[in-house]
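S.K.: There's a structure below that I have some questions on.
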Amino acid sequence: MSEQSSKYIAALLAVLSISMVLGIDLFIFSLQSEKQTMPHLGVGVLVAQLISLLVFYRGEICPGQRGRLIKVNMTFAIYWAVWLLISLLQNNHTLTNVMSVCGLSVVYFIWKQPKTEKIRNSFLLMAALIAGLGCLSYLMIFTELPASDFAEYNPFAPILSGVILANLVLVIARNRLQGFIALLPLAMIILLALNALAMFLFLLLNGMESAVNSESVFAYIIYFVCHFVIAAILILHSFQKWTLSTNSLFILLFIAVCLPLWMVFV
């Protein structure tokens, strides 16, 4: 495969991955009876950007790897631009605006990072602070939601999606930090367990009354089956000492970003 063809395929995969996240997020938004202009998966995209910033800041990567990772990260602008537009068309959604602007700002800082290491590191630290502000905006919106909405907006699920997305981004960009990439599946397993535990406690303490009809029971069954599927894929790759391929990561990402979708039906 020629270098030019490889670049086109990488660009296509990058656009496809963020488009899948955006498409499912917008589908969830369209299903809501009471429109809450808050991206369910926004904090996950911010987490993916933060992991990319960590690679830029601490990773010993060559200019070629840096350039490829910058190009892949630029596709995140699609997600944030769409959500900023949606938020601006609604009323009284300032925190979502802030979150979207923070996401776009991180894309800009990554794109324009200087070549001089000292200045570049300052640039990247500023971008990390902005991403942190975006996560804080998400947290502020989350704390204003009623307790009954926890299942749908549970932050562990989108954070899990963000780690998977970051892994996919690094693979698409052909990053060679194999030691760091090998740690990401472990983070996925931990987040998957935390998400399952949080949902189990929610059901135990607050949500049993929501699981009385067949539609809710079916949604919860699919939700937890998805956990087993993700865990099975990760454990199989771990036992066989396989690295997560692009195809495997796309499957994992699709399952993970659909987790909040099932909770809309509860």
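Positions of Cβ are set from backbone N, Cα and C atoms, glycine also.
Sharing the features that Swiss-Prot gives for it:
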TRANSMEM  9-29  transmembrane segment
TRANSMEM  37-57  transmembrane segment
TRANSMEM  69-89  transmembrane segment
TRANSMEM  123-143  transmembrane segment
TRANSMEM  153-173  transmembrane segment
TRANSMEM  184-204  transmembrane segment
TRANSMEM  216-236  transmembrane segment
TRANSMEM  246-266  transmembrane segment
S.K.: Which of 69-89, 216-236, 246-266 shares the most C-beta pairs under 8 angstroms with the transmembrane segment (153-173)?
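M.R.: Stretch with maximum Cβ contacts: 246-266.
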S.K.: Who are the chain neighbours of the transmembrane segment (37-57) in space, where the CB to CB distance is under 8 Å and they lie at least 6 residues beyond its ends?
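M.R.: Here the qualifying positions are 18, 21, 24-25, 28-29, 66, 69, 73, 76, 79-80, 83, 86-87, 90, 93, 96, 99-100, 102-103, 106-107, 110, 113, 120-121, 124-125, 127-128, 131-132, 134-135, 138, 141, 152-153, 155, 158-163, 165-166, 169-170, 175, 177, 180, 184, 257, 260.
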S.K.: Which bits of the chain, at least 6 residues beyond where the transmembrane segment (184-204) starts or stops, bring a Cβ under 8 A of a Cβ in it?
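M.R.: Same-chain contacts beyond the flanks: 51, 150-151, 154, 156-157, 159-160, 163-164, 166-167, 170, 211, 220, 223-224, 227, 230-231, 234-235, 237-238, 244, 252, 259.
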